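*Asks:* First the structure, which I've put down as structure tokens, then a few questions once you've had a look.
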Amino acid sequence: MNEVVQSPAIQPLPKSAPTAGKQNLLDLDRAGLEKFFVEVLGEKKFRAHQVMKWIHHRYVTDFDEMTDLGKVLRAKLQAHAEVLVPNIVFDKPSADGTHKWLLAMGVDGKNAIETVYIPDKTRGTLCVSSQVGCGLNCTFCSTATQGFNRNLTTAEIIGQVWVAARHLGNVPHQMRRLTNVVMMGMGEPLMNFDNVVRAMSVMRDDLGYGLANKRVTLSTSGLVPQIDRLSAESDVSLAVSLHAPNDALRETLVPLNKKYPIAELMASCARYLRANKRRESVTFEYTLMKGINDKPEHARELARLMRQFDNAVQAKDSGKVNLIPFNPFPGTRYERSEEAHIRAFQKILLDSNVLTMVRRTRGDDIDAACGQLKGQVMDRTRRQAEFNKTLQAGKGSDAAA
């Protein structure tokens, strides 16, 4: 998977502004597209399936190029619909094969997000963003330094997959270079619940990108009610940004812990696994920072927490730990743990029979490593005001408050 097929540089599509009265088909999953074709276009459902394959399998956005559609249907589509994908500001390869795209969201140039493709020997993983910025203020994350602006639409989320898959020459079921998607980019996915779940549906649909449920992973900082809702409405792998083994420390790193402490978070994760026997484990992400959370006593405390989690689920290896060496960014006060401390931390966990791996740092030469994403954004004060407005408005079940 390390070899990425070189394709011609992808130019931004000439049209990026939505047209009033037209439906962006990237905003729709299979059910939504079928409904649009039946109720708006007066067509059969199978026509929606044809168009979905043109968009997500062949990366065609011009209805006139969808050659197995009749002229009448193409005319209807031209009148009522469009396919708008994110504009590419730049794409940047890393020496290790990692690739980062900066994608413009909207037409004002003020909102941009980053998407990262990470190739490995047996798989290719795309790290996808769910928000422009983030308002959770995790103190060790670069994205948090920019504050929050807005949620991404379904089209803007799945559009990241479209851009990357097109660049890679990915053909579902034939030439698969994109094997996994992780919702671990900019933003808290569960604060944009509906759009994220709809986008993940397209990722897992055979008419979309055909990924198995377990190959789509949602990472959350720990919004307990939304984890329970996710369990009922979707079926993907769950990862939790833990980063500390106790509430006192986690509250300094992940302020959301004050609202949803570790005991509540772990209980919701146990419910998530128990609700579906096909769900085998939850991954707990733990970023190691020098002198902060990398001491032997932290490792022993984390091991106890994982044993308690196994007992709650009543299954061995229900919790897996992913140790992440901290990736520095300008202005941070944190430092990466020394390699010897990382290995010693891992050994304590392994000796306690906790499945543990250390994530290799990839893409740090292009600021694409874990915790380094932040895009081109507005000033923090304005963005935080937008986040507070979102919380106050409630935004249904998509808000954290």
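For all residues, glycine too, the Cβ spot is worked out from N, Cα and C.
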*Asks:* Taking S201, S219, S268, S352 as the options, which does Swiss-Prot list with G187, E188, S241, L242, H243, N327 at the S-adenosyl-L-methionine site?
*Replies:* S219
*Asks:* Within the domain 'Radical SAM core' (120-365), what mean pLDDT does the predicted structure show?
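*Replies:* Averaging the confidence scores along the domain 'Radical SAM core' (120-365) gives 95.
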*Asks:* What is the separation, in Å, between the Cα atoms of C141 ([4Fe-4S] cluster binding site) and N327 (S-adenosyl-L-methionine binding site)?
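*Replies:* That comes out at 9 Å between the alpha carbons.
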*Asks:* So among E114, C127, C134, C138, all listed as recorded positions, which is physically nearest to E188 (S-adenosyl-L-methionine binding site)? Use the C-alpha atoms.
*Replies:* C134
*Asks:* Please give me the CB contact count at 10 A for C138 ([4Fe-4S] cluster binding site), counting all chains in the structure.
*Replies:* 21
*Asks:* Given the recorded positions C127, C134, C138, S219, L242, which lie within 10 A of E114 (active site, proton acceptor) by CA-CA distance?
*Replies:* C127
*Asks:* Per the record, S-adenosyl-L-methionine is bound by G187, E188, S219, S241, L242, H243, N327: how many Å separate the farthest pair of Cα atoms?
*Replies:* 19
*Asks:* Restricting the comparison to the recorded positions C127, C134, C138, which residue's C-alpha is spatially nearest the C-alpha of S219 (S-adenosyl-L-methionine binding site)?
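*Replies:* For S219 (S-adenosyl-L-methionine binding site), the closest Cα among C127, C134, C138 is found at C127.
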